[in-house]
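Trainee: Pasting in a structure now, in structure tokens, and then I'll have a few things to ask.
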Amino acid sequence: MWENVKKVDPEIYEVILKEWDRQEYGLELIASENFASLAVIEAMGSVLTNKYAEGYPGRRYYGGCEWVDVAEKLARDRAKELFNVKYANVQPHSGSQANMGAYFAVSEPGDTIMGMSLSHGGHLTHGAPVNFSGRIYNVVSYGVDSETEVINYDEVRELALKHKPKIIIAGGSAYSKIIDFKRFREIADEVGAYLIVDMAHFAGLVAAGIYPNPAEYAHIVTSTTHKTLRGPRGGMILTNDKELYKAINKSIFPGIQGGPLMHVIAAKAVCFKEALTDEFKAYQNQVVKNAKKLAEELEKRGLRIVSGGTDTHLMLVDLNPLNVTGKAAEIALGKCHVTVNKNTIPNETRSPFVASGIRLGTPALTTRGMKESEMEEIAELIVKVLENVKDEEGNVDDSIVEDVQKKVRDLCERFPLYEGKIRL
């Protein structure tokens with residue numbers, strides 16, 4: 001598949017092979033990662049990458065866009081069908097740019113916005129001080145209840161009434177419970193705010209009908225197209241309001257982007273077509289079943305799941321019962337070919353670079369075909385490693401590392417990813 005890369009750039013070819021090997025023979029539990037289909041990968045590697053297409057279908061600033069117009073229209077139409085909305089912009093290069101475009105469409109620098117605190121499960125673009133959103137807006141953050149570790153909507157309402165934000169953002173990157181979009185919209189309406197829902201993490205679940213569709217309540221919905229959607233890395237913005245759609249389009253181009261990535265937009269179209277199938281719905285149902293099972297098995301073995309469990313594809317695991325940091329856990333599991341990410345937990349006492357938890361997700365494991373019985377095996381392996389972490393450098397006895405590596409390899413060989421489908 002990469003014969004020309006091999007001829008022209010052996011070093012990059014080697015990188016591709018090593019990364020292919022890492023994905024094929026390791027367990028991927030990072031909640032924001034997934035494995036795109038070969039159809040999506042092929043679309044991204046097509047000649048569509050050569051075409052500049054500033055503007056929108058039928059209104060381009062360059063000639064020769066007749067075929068990329070077809071690709072973008074297909075992507076838009078399929079996104080609208082998938083999420084039952086009237087309007088879709090599929091040009092954002094990422095979820096962060098989708099959020100930026102949505103914010104800029106309805107606000108001005110210096111306006112007040114409300115979003116979930118990053119340390120409580122939000123996202124950088126929801127007002128973190130180091131992000132553009134925290135630099136150009138007056139940010140009011142809400143969090144989860146210190147006892148239940150779920151959103152307290154009465155507290156959100158109190159903050160909104162006090163600060164009168166222009167935008168209220170719902171959604172997060174490490175929140176495992178169903179969000180009440182109806183309640184958020186009621187709060188937004190009460191204070192005259194726009195409700196923007198960032199569904200990047202759970203878009204696939206929404207597409208499959210097993211998570212409430214935020215488009216029923218939000219003024220604007222943003223998302224990535226990878227993660228649970230299993231498409232190319234990119235973003236999109238959805239709305240049912242024609243005037244907001246016009247503002248969103250201007251905000252993306254010429255507001256914050258120039259030429260769209262037409263090869264990625266074509267891959268988005270492929271992804272949306274895949275997501276409209278019954279097979280995709282079955283996949284998403286299994287993702288949630290696997291997440292619930294993994295959380296249950298980890299709890300049985302002494303770990304604490306933040307908020308008491310999960311309704312989605314992800315969970316946040318509190319490592320304090322084992323006196324292990326998120327940083328050490330990430331390193332130790334990585335040595336055993338199990339990929340996770342360290343993550344802060346509510347009421348965090350450590351630096352984000354150390355953290356007290358890890359975030360786990362099941363989309364990538366489920367893409368391989370794994371089910372509940374494999375989640376039990378994986379929970380056993382995770383706990384075996386974590387119980388034997390020696391220090392902050394994530395050191396574990398070689399015998400344990402070798403044993404877990406072997407079991408991980410066996411699991412991956414039982415559920416191959418691209419093996420036999422891609423010619424190296």
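Placed from the backbone N, Cα and C atoms, the Cβ positions cover glycine too.
Marked as (6S)-5,6,7,8-tetrahydrofolate binding site by Swiss-Prot on the basis of sequence analysis: Leu118, Gly122, His123, Leu124, Ser351, Pro352, Phe353. If you look up Swiss-Prot, you'll see His226 marked as site 'Plays an important role in substrate specificity'. The N6-(pyridoxal phosphate)lysine feature in Swiss-Prot is assigned to Lys227; the stated evidence is sequence analysis.
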Trainee: Starting from the Cβ of His226 (site 'Plays an important role in substrate specificity'), draw a 10 Å sphere and report how many other Cβ atoms land inside it.
Mentor: 27
Trainee: Find the longest CA to CA distance in the recorded (6S)-5,6,7,8-tetrahydrofolate-binding set Leu118, Gly122, His123, Leu124, Ser351, Pro352, Phe353; express it in Å as a whole number.
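Mentor: With Leu118, Gly122, His123, Leu124, Ser351, Pro352, Phe353 as the binding residues for (6S)-5,6,7,8-tetrahydrofolate, the largest Cα distance is 16 Å.
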Trainee: My understanding is the cutoff is Cβ-Cβ under 8 Å with a sequence separation of 6 or more in the same chain; which residues meet that for Leu118 ((6S)-5,6,7,8-tetrahydrofolate binding site)?
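Mentor: Looking at Cβ-Cβ distances below 8 Å from Leu118 ((6S)-5,6,7,8-tetrahydrofolate binding site), excluding near sequence neighbours, one finds Leu124, His126, Ala128, Thr344, Pro352.
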Trainee: Any idea what the Cα distance is from Phe353 ((6S)-5,6,7,8-tetrahydrofolate binding site) over to Lys227 (N6-(pyridoxal phosphate)lysine), rounded to a whole Å?
Mentor: 23
Trainee: Would you identify the secondary structure of Leu118 ((6S)-5,6,7,8-tetrahydrofolate binding site) according to DSSP, in three states?
Mentor: helix
Trainee: Round to a whole number and give the Cα-to-Cα distance in Å for the pair Ser351 ((6S)-5,6,7,8-tetrahydrofolate binding site) and His226 (site 'Plays an important role in substrate specificity').
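Mentor: Here the two Cα atoms are 28 Å apart.
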Trainee: Under 8 Å between C-beta atoms and at least six apart in sequence, can you list the same-chain neighbours of the residue listed as 'N6-(pyridoxal phosphate)lysine', or say none if there are none?
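Mentor: Listed in sequence order, they are Ala31, Ser32, Glu33, Asn34, Ala200, His201, Ala203, Gly204, Pro363.
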Trainee: Name the residue among the binding-site residues Gly122, Pro352 whose Cβ has the smallest number of other Cβ atoms within 10 Å.
Mentor: Pro352
Trainee: What whole-number Å value do you get for the CA-CA distance of His226 (site 'Plays an important role in substrate specificity') and His123 ((6S)-5,6,7,8-tetrahydrofolate binding site)?
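Mentor: With distance taken Cα to Cα, His123 ((6S)-5,6,7,8-tetrahydrofolate binding site) is 16 Å from His226 (site 'Plays an important role in substrate specificity').
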